[in-house]
Amino acid sequence: MDSKESLTPGKEENPSSVLTQERGNVMDFCKILRGGATLKVSVSSTSLAAASQSDPKQQRLLVDFPKGSVSNVQQPDLSKAVSLSMGLYMGETETKVMGNDLGFPQQGQISLSSGETDLQLLEESIANLNRSTSVPENPKSSASSSVSAAPKEKEFPKTHSDVSSEQQNLKGQTGTNGGNVKLYTADQSTFDILQDLEFSSGSPGKERNQSPWRSDLLIDENCLLSPLAGEEDSFLLEGNSNEDCKPLILPDTKPKIKDNGDLVLSSSSNVTLPQVKTEKEDFIELCTPGVIKQEKLSTVYCQASFPGANIIGNKMSAISIHGVSTSGGQMYHYDMNTASLSQQQDQKPIFNVIPPIPVGSENWNRCQGSGDDNLTSLGTLNFPGRTVFSNGYSSPSMRPDVSSPPSSSSTATTGPPPKLCLVCSDEASGCHYGVLTCGSCKVFFKRAVEGQHNYLCAGRNDCIIDKIRRKNCPACRYRKCLQAGMNLEARKTKKKIKGIQQATTGVSQETSENPANKTIVPATLPQLTPTLVSLLEVIEPEVLYAGYDSTVPDSTWRIMTTLNMLGGRQVIAAVKWAKAIPGFRNLHLDDQMTLLQYSWMFLMAFALGWRSYRQASSNLLCFAPDLIINEQRMTLPCMYDQCKHMLYVSSELHRLQVSYEEYLCMKTLLLLSSVPKDGLKSQELFDEIRMTYIKELGKAIVKREGNSSQNWQRFYQLTKLLDSMHEVVENLLNYCFQTFLDKTMSIEFPEMLAEIITNQLPKYSNGNIKKLLFHQK
């Protein structure tokens, strides 16, 4: 008998296990199991007849296939082959196949031909018998189908002749059907070879007309998708749109979902089902497309996305995902579109590690939508209470359909640029005291002016004032406020202008009613821009106290020592004042020190004359509120000559009735009244600053006198007084140098004043001083 003729699958399967009279006897194993094989064995008719007649009631069959026990021919392990076709491996070499109540008494009664022992052909027949219909209830129709499945006479003439002779002997016997011997009854026509295996109560193997390979892909706790259920899960053979399940994924396509959630299945003619088995040497390997077995270490899922893979019907190239630990060494495949692969050669698939699924959300959420554009990618999970992103994007900001919120910079550029504070560069809140500043600098300036604080810089009076460091140095911040042009008079002026505008509005309303009246408009309006004079008013040092005890009897030594100590503090205040003058800090640092060393006595003498003029009507010398030199104290030794020069200044101020604005401009010009003969390092800038304050003095004169022809005459008188200050200061310095060098007088000098005198003495002795006079003698 040829080996090719050993196994031939029939078009329709016989539900009962029978031995046919054509080309041997046919025995059907496990008809309920899909993928089962039809085993044909050659049995002598006499033995079968004897077995049938001897015990007609016996219906159980025990077929034992030990190694080398069937006619000295190598017996293949049929149980192992059949079980491997189902994805189950039974490790026992000697497997017993249990059938219904019919048994063979001896092993030698059944013999297999050598051509029918080819295991590879058996595997091919198992693969071709994957799909079968349920067991029919009519045994006659089954028998007829079994007979029709037999080969034709012209194909097997020899076999037909042998069997036909045996059929004549079996005619008319009980338990036969058309010459075929019935091995089982109609209700016991199945042959369970998996009886020894333990299945759960819901296993499809315990049900009739079912197969474990018809079950849909399920989700369990230990793996992403599994063809078999766990110990506690049952197979779900049927599903509807209301169940949370994942539709079956075809190898080359993706499922279509209707609006109601039903799965649209393609016809079998267009889409072929995936092949369930692959041949690899001596065992059968199951490949489930689109499934990766996960390890049991942790419930972590791998999510892969390939953009452009939503087109159904296109041929997709498989990408092997290596590194997956499997027991059989299988290779699993993902599907991706070849067109998208060619467009994105440099891009790699995005794998996102998804955290473990909570206990209450272990099922897949249904895929909703219709059409090709609404297909859900494989591996997309929905978690309760979490935002679901598309597979192709790791964050919502990467998605082209999600627009990012407009940034603050883009909105800032669309509108007008913010106005900055001129002091600290913070965002300005408005115009305060004549300057565009923030609220913080506004409050600071008001408190600094009204509180008359004597701020001192711990550095070199060049601290950086910005939004962060504006509170570090109040002295530099106050100076910067003055340089920006802040003054308290601007607020008063603004109120005056507002009152004038309101008055003008009221008058205009009255004149509109009476056209005969003329509109009253003020001749001049005060300027809102702060002037240098207003800045000089702000930076003017406060009056210092000498701390002189008037209860103690006066003496020349005591008065001179107290005046020197007061002079030292006044010099410090003068340095601070000079650095706050607009434009002075632009000079070179050496020029600033030189000007202060040359003019410190000018500043002290002129300020003393101003205080005496304002408080004592030029009859007394008011050094401090608690130290006033009267006529009685002037009579002390070495006091009258010095007091006489100082009274001259106060008397001239009283005679000219100098205003406060004029005094401030004249005092600033005295700071710039003496320079070295060689000139300053920034001489041009110095000349420009000096000319600026000369003009300011002229403005102060015009402000006091108005549009009068006496302005130039007053300017001459004031500048003449400035020139006379050189002679007064020269006499005072000579006496100061004398008392400093004469140690017998024991007059104390503060450290600051002593340092200045020490540096100034050589310059005076060498004649390295140039006087800047307004008028030639």
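Cβ atoms here come from the backbone N, Cα and C positions, even for glycine.
Since the structure is predicted, the reported quantities are computational estimates derived from the model, not experimental observations.
Annotation source Swiss-Prot lists region 'Disordered' at 1-21 (among others).
If you look up Swiss-Prot, you'll see 1-420 marked as region 'Modulating'.
Marked as compositional bias 'Basic and acidic residues' by Swiss-Prot: 1-14 (among others).
Annotation source Swiss-Prot lists omega-N-methylarginine at Arg23, citing similarity to another entry.
Per Swiss-Prot, region 'Disordered' is recorded for 130-182 (among others).
Residues or ranges marked as compositional bias 'Basic and acidic residues' in Swiss-Prot: 151-163 (among others).
Annotation source Swiss-Prot lists compositional bias 'Polar residues' at 164-174.
Residues or ranges marked as SUMO cross-link in Swiss-Prot: Lys277 (among others).
The SUMO cross-link annotation in Swiss-Prot covers Lys293 (among others).
The region 'Disordered' annotation in Swiss-Prot covers 394-415 (among others).
The region 'Interaction with CLOCK' annotation in Swiss-Prot covers 485-777, and the record cites similarity to another entry as its basis.
The region 'Hinge' annotation in Swiss-Prot covers 487-523.
Residues or ranges marked as region 'Interaction with CRY1' by Swiss-Prot: 532-697.
What Swiss-Prot records for Lys703 (among others) is SUMO cross-link, and it gives similarity to another entry as the kind of evidence. Cβ neighbour count for Lys703 (SUMO cross-link) (all protein chains, 10 Å cutoff from its Cβ): 13. Lys703 (SUMO cross-link) carries a helical DSSP state (H, G or I).
Note on the region 'Interaction with CRY1' (532-697): its mean pLDDT in the predicted model is 90.
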